[in-house]
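Enquirer: Take a look at the following structure, please.
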Amino acid sequence: MAAPNSAQRKACWDARDQLWQCLDDNNDKIQSCQKFQGDFEANCPAQWVKYFTKRRDFLKYKDKMQREGFTPAEGPQ
Amino acid sequence: SLSRTPDSSRVALKLQTRLGVTLLVGVGLLGAWWWVEQEKQQRRRRQRVEQLRTVALGQGTFSLLDHTGHRRTKQDFLGRWVLLYFGFTHCPDICPDELDKLSTVVSALDRDPALPRLQPLFITVDPERDDVAALASYVRDFHPRLVGLTGTPEEVRHAGRDFRVYASAGPKDEDGDYMVDHSVLLYLVSPDGLFLDYYNRTKSPEQIADSIRNHIRNHVPL
């Protein structure tokens, strides 16, 4: 399976950006963005779908940590 | 007359002699100091080169196939400033971004006619999939002078080891596709084949170009 070429990379990134914009607009409710999710999966190799999904999770988590701070887990008593 | 007694003229002569001798000694001392300074600077330069040697990054020789199918070794790139990136063609975003950055840097430096032309290199960390043909179509999207390099897994591992590159292929999915986790750095190698500097993802093209201009300006050939 050949690697995506420049046009294919761009198509995938654009689909991803559309999906993420929809998720941002819909409070991360994936149900409201099924069409974009479908486009994203159609335009990107499965490995990239997994990679970008994980990346978004990580970015959201990082954002949450920076905004809300975190309470360290309780250590041994 | 009272003005010039034999005593005072002897004193005058003694003064002249003393002044002359002092001047000579002074010039001699200055000259000695300058010579010592030159020696110190030379020693410092030699020490720095030795330090770079002991860090031993990019010390070895690599032997790889370029994207036109020709064998290239490290020796082939001596005499050129090299900017090098390790990646793989199935990479979702980081490698195209870094290669775009690399291309921007090289193009920016190309615009200065006083600077030597940099040699951009892309070495794969995924030799199983990135053969000569795959590299040929991949490098087309970036700087025209970008040379892609591949080889057997052992040849590629050898080149990566030389730069302490971390690369780890992930599990294959049902399509046989997989990711390669790898360190993301641009490496600067001098015309003597010495590793001089590295640039991570946070460095902008302008910062990298400025750094390279500095290295070129301060370069002391071995």
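Every residue number used here counts from 1 along the chain in the order it is shown.
From the backbone N, Cα and C atoms, a Cβ is placed for every residue, glycine too.
The following feature annotations were taken from TrEMBL:
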type     : residues                   : note
TRANSMEM : B:15-36                    : transmembrane segment
BINDING  : B:CYS91, B:CYS95, B:HIS182 : Cu cation binding site
DISULFID : B:CYS91-B:CYS95            : disulfide bond
Enquirer: If you run the three-state DSSP split on B:CYS95 (Cu cation binding site), which class comes out?
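Expert: Where B:CYS95 (Cu cation binding site) sits, the three-state DSSP reduction gives helix.
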Enquirer: Is it possible to get the count of other C-beta atoms within 10 angstroms of the C-beta of B:CYS95 (Cu cation binding site)?
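Expert: If we count other Cβ atoms within 10 Å of B:CYS95 (Cu cation binding site), we arrive at 24.
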Enquirer: Same chain, not part of B:CYS91, B:CYS95, B:HIS182: whose C-beta falls within 8 angstroms of the C-beta centre of the Cu cation site? Give them in sequence order.
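Expert: Near the Cu cation site, beyond B:CYS91, B:CYS95, B:HIS182, sit B:PHE86, B:GLY87, B:PHE88, B:ILE94, B:GLU98, B:VAL125, B:VAL180, B:VAL184.
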Enquirer: Reduced to three states, what secondary structure does DSSP give B:HIS182 (Cu cation binding site)?
Expert: strand
Enquirer: Taking the Cβ of B:CYS91 (Cu cation binding site) as the centre, how many other Cβ atoms fall within a 10 Å radius?
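Expert: Taking all protein chains shown, B:CYS91 (Cu cation binding site) has 25 Cβ neighbours within 10 Å.
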Enquirer: Near the Cβ of B:HIS182 (Cu cation binding site), how many other Cβ atoms are there if near means within 10 Å?
Expert: 21
